[in-house]
């Protein structure tokens with residue numbers, strides 16, 4: 001929600017008026033010096049939208065404010081042209097409304113366009129969110145990263161490395177939405193206040209690493225006839241892509257990282273297909289390159305890669321993980337009921353590479369149980385299991 005500065009206004013005043021933490025206001029207006037506000041300057045208030053209200057007989061701004069449980073000044077700020085003593089029946093005014101509901105509806109076939117639309121809605125409503133593409137997919141779809149937090153400890157979560165594990169994307173987007181709601185409404189999640197976590201951590205989210213693959217599983221093959229025929233051939237001449245894990249080039253993105261890639265490659269398929277083909281060499285696919293570049297450019301304390309399924313958490317690689325990894329995975333297990341497993345007896349995964357090159361904690365979390373793609377009817381159950389892990393990843 002946008003408002004215009006009046007004489008005497010300050011971000012401190014707006015924080016008190018709208019009951020929004022000052023840090024969120026500062027982070028929503030990063031290009032503005034709070035000590036040098038100018039009359040007429042536009043300020044963004046996070047966690048609010050405006051709704052239209054039509055004046056009826058006997059209305060006054062004071063009565064409307066009382067009925068909506070708002071300070072009168074909040075209504076005046078979003079209606080700078082209105083003269084309160086000259087309201088007339090049928091006139092339309094704007095009324096601030098605090099966001100207390102989710103903007104993300106994850107309980108549907110959640111493809112790339114839905115995610116991008118939800119990211120746009122969240123960034124509009126919560127302008128302290130930062131986001132930029134980290135690269136493009138094979139089909140030139142920008143792969144977004146979202147940053148939330150103001151702390152020095154950098155943490156990373158990612159989802160939908162594998163196409164038919166796309167339910168991980170709406171799960172992680174729903175957590176982001178709930179985190180935002182708790183911050184702006186100053187409420188708790190499972191008894192935890194989110195404000196301190198926001199100030200201690202910066203969370204990097206890549207909610208869909210493999211957009212082309214997700215769209216293939218959900219929407220079927222693209223219109224391009226040559227590509228469609230190639231994909232069907234790679235898919236064992238089937239037009240049912242529900243078992244497809246790879247990117248649109250038929251390369252498994254979680255077999256693309258230089259962590260004993262040669263060992264994984266030796267036992268995996270040698271040609272493109274729906275799963276397990278690791279490519280001709282490590283880091284040949286744009287989505288894997290984008291993730292590697294992002295990881296090298298940040299200073300992540302730890303990383304969590306969300307997959308499905310199995311209700312397990314893999315936490316080691318070749319005994320290169322630091323001692324704190326075991327302490328952390330025990331907490332993840334406590335809050336989720338998931339089983340910790342030190343080694344998956346596999347190589348070339350993102351988590352493997354992170355542990356190998358940084359000697360820091362990395363985890364692969366296998367959400368839910370069943371056959372991929374997990375049914376959307378399992379969404380609430382999976383989300384409640386995952387929520388404890390999302391939170392623990394911030395407070396540990």
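Even glycines carry a Cβ here, placed using N, Cα and C.
Copied from Swiss-Prot, the annotated features are:
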- 347: active site, proton donor (ACT_SITE)
- 366: active site, proton donor/acceptor (ACT_SITE)
- 162, 165, 307: Zn(2+) binding site (BINDING)
- 255: substrate binding site (BINDING)
- 1-45: domain 'LysM 1' (DOMAIN)
- 51-95: domain 'LysM 2' (DOMAIN)
- 108-394: domain 'Peptidase M14' (DOMAIN)
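Taken residue by residue with DSSP, residue 165 (Zn(2+) binding site) is part of a helix.
Distances between the Cα of residue 307 (Zn(2+) binding site) and those of the recorded positions 255, 347, 366 are shortest for 366.
Secondary structure of the domain 'LysM 1' (1-45) per DSSP (helix as H, G, I; strand as E, B; remaining residues coil): 18 helix, 6 strand, 21 coil. Residue 255 (substrate binding site) counts 26 other C-beta atoms within 10 Å of its own C-beta, drawing on all protein chains shown.
Neighbours of the Zn(2+) site: apart from 162, 165, 307, residues of the same chain with C-beta atoms within 8 angstroms of the site's C-beta centroid are 159, 160, 161, 163, 164, 168, 245, 254, 306, 308, 372. Compared over the recorded positions 165, 366, the count of CB atoms lying within 10 A of a residue's CB peaks at 165. Across the structure, the residue listed as 'active site, proton donor/acceptor' and residue 165 (Zn(2+) binding site) are spaced 10 Å apart at their Cα atoms. Within 10 Å of the C-beta of the residue listed as 'active site, proton donor' we count 24 further C-beta atoms, all protein chains included.
Nearest Cα neighbour of the residue listed as 'active site, proton donor' among the listed binding-site residues (162, 165, 255): 255.
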